[in-house]
Amino acid sequence: MDFSKLPKIRDEDKESTFGYVHGVSGPVVTACDMAGAAMYELVRVGHSELVGEIIRLEGDMATIQVYEETSGVSVGDPVLRTGKPLSVELGPGIMGAIFDGIQRPLSDISSQTQSIYIPRGVNVSALSRDIKWEFIPSKNLRVGSHITGGDIYGIVNENSLIKHKIMLPPRNRGSVTYIAPPGNYDASDVVLELEFEGVKEKFSMVQVWPVRQVRPVTEKLPANHPLLTGQRVLDALFPCVQGGTTAIPGAFGCGKTVISQSLSKYSNSDVIIYVGCGERGNEMSEVLRDFPELTMEVDGKVESIMKRTALVANTSNMPVAAREASIYTGITLSEYFRDMGYHVSMMADSTSRWAEALREISGRLAEMPADSGYPAYLGARLASFYERAGRVKCLGNPEREGSVSIVGAVSPPGGDFSDPVTSATLGIVQVFWGLDKKLAQRKHFPSVNWLISYSKYMRALDEYYDKHFTEFVPLRTKAKEILQEEEDLAEIVQLVGKASLAETDKITLEVAKLIKDDFLQQNGYTPYDRFCPFYKTVGMLSNMISFYDMARRAVETTAQSDNKITWSIIREHMGEILYKLSSMKFKDPVKDGEAKIKADYAQLLEDMQNAFRSLED
């Protein structure tokens, strides 16, 4: 929000509007003489005018959480009420920007103050007022038209990827008395004037919205389109939908951040909001360094991924209270782009740090601790955040659909999934990608454990798969069965060795190894494997399962005859086929293209059928 427009202590002539600091404990300040203040109202604390938010009222005493460092605040310092809730500015200029937890633009602050740290009490508006945007009004709007909340009345081409649709704020309506002609305007220029019941209102391209309030929609719709991540193990076995909620819990070093970054790089979303909430500063700087260099192809033109990304950075050394706000800031930005009709993905890395911030502030307020010292309302807060996801029909005209998908990384201490944050999250989200320390130690990445992970969206997506990839659902079921059987056989193998197993079981073990090493494992740092399109995923799985079926059939049909086929015979004769199966992943979707890869996989299937025929003859 625009902190420069909030009232200042020195401008205030009436002393009666001040409260006074009564006590300071870390980021929590208590103030007296605050009668008339509202819950979640923004205040300015002390002579440095630090931004804070009221989180508890008792008589005329208010408890305030301050979003900046409170050193130097003393008892008796003035506290000024602003009468506004914590809000964000929504308008052109969000994409490609990087904000802190309360939407202060970090690059603008650094260029104005020439400092690598954020000075205290800094006043900078979130969206720059110096940039002129080219505003194109809607064709069907003219003076006298009626317009209600959510209607799109103009378009700004923010960059070559994002058409920023300028919408009327949800609670306004009226008839148009003025609409700006096409031209260049900055974010504070009036582009629309409405009259409703004799009252005139002016609107610029920027709207302000309180972060703790959900943006209204016409109706919620069932999700039915997959969120393709480009990671085979996730797309094939545990799919998420556009508008779904996902948790990625895992111990340190399991690759949570790499998965959430690859989601932001390669997923089929239109807009990415990446909230780094209490994680290392290096991870945010890595995102800032990598994303501008990464490109995607849109209509034959190569575009930087940063053009569809906004970052909310709140690293572990920034004030704790702002960490709690950063999640709300991120989800409000996501809902705004959803209302334009885009599919938005929001990455929260990591919600555990956010819960720790809640725990710290709750401890300062001397509230009754629940499990592991977290506050009793932890589950409710998590739910209120995750429930803002979903696929919706947006308010206003023209009719459009949008969605917000939330992917929350959770880092339980010691990788223990019974930790309160993880268990509360799992009760809310629909998809669980559980990362396994043992797999990560074996350098099997992405280290998603296929036995404990699950997705509740399988049924919802069946219709989509039947339409586009008819053979996929039975393939997935078969692959899961093979992996499960392999897990059951592993115990027997440890006791009696591989040699004494039945021939069909040997095939199961070998194909499971093939699936694990050459299908589920994926190297995110190579050009051919960092992103795997869905047709390639289906093609690879199809050939592996076909090999399994043919090998089993060959063994079972010749079991009674004299020249029976065993697994060792298959392995001897099919060395080349097995090699080709395990090198299917080296086909580069960018260089080779879809048609060539599909043709190669079909050719491999034909070779396989011929090899089995000659073996049986």
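Using N, Cα and C of the backbone, Cβ positions are placed for all residues, glycine too.
Swiss-Prot records phosphoserine for one of Ser204, Ser316, Ser384, namely Ser384. For the binding-site residues Gly250, Ala251, Gly253, Cys254, Gly255, Lys256, a Cα-Cα cutoff of 10 angstroms around Ser384 (phosphoserine) retains nothing. Annotation for the binding-site residues Ala251, Cys254: lowest Cβ count within 10 Å of the residue's own Cβ, Ala251.
It is Gly250 that, of the binding-site residues Gly250, Gly253, Gly255, has its Cβ surrounded by the most other Cβ atoms within 10 Å. Working note on the recorded positions Thr257, Ser384: by count of other C-beta atoms within 10 Å of each C-beta, Thr257 ranks first.
Close to the recorded ATP site, the chain also has Ser411, Leu435, Ala440, Ser447: residues not among Gly250, Ala251, Phe252, Gly253, Cys254, Gly255, Lys256, Thr257 whose Cβ is within 8 Å of the site's Cβ mean position. Cβ neighbour count for Phe252 (ATP binding site): 11 (other Cβ atoms within 10 Å of its Cβ, all protein chains included).
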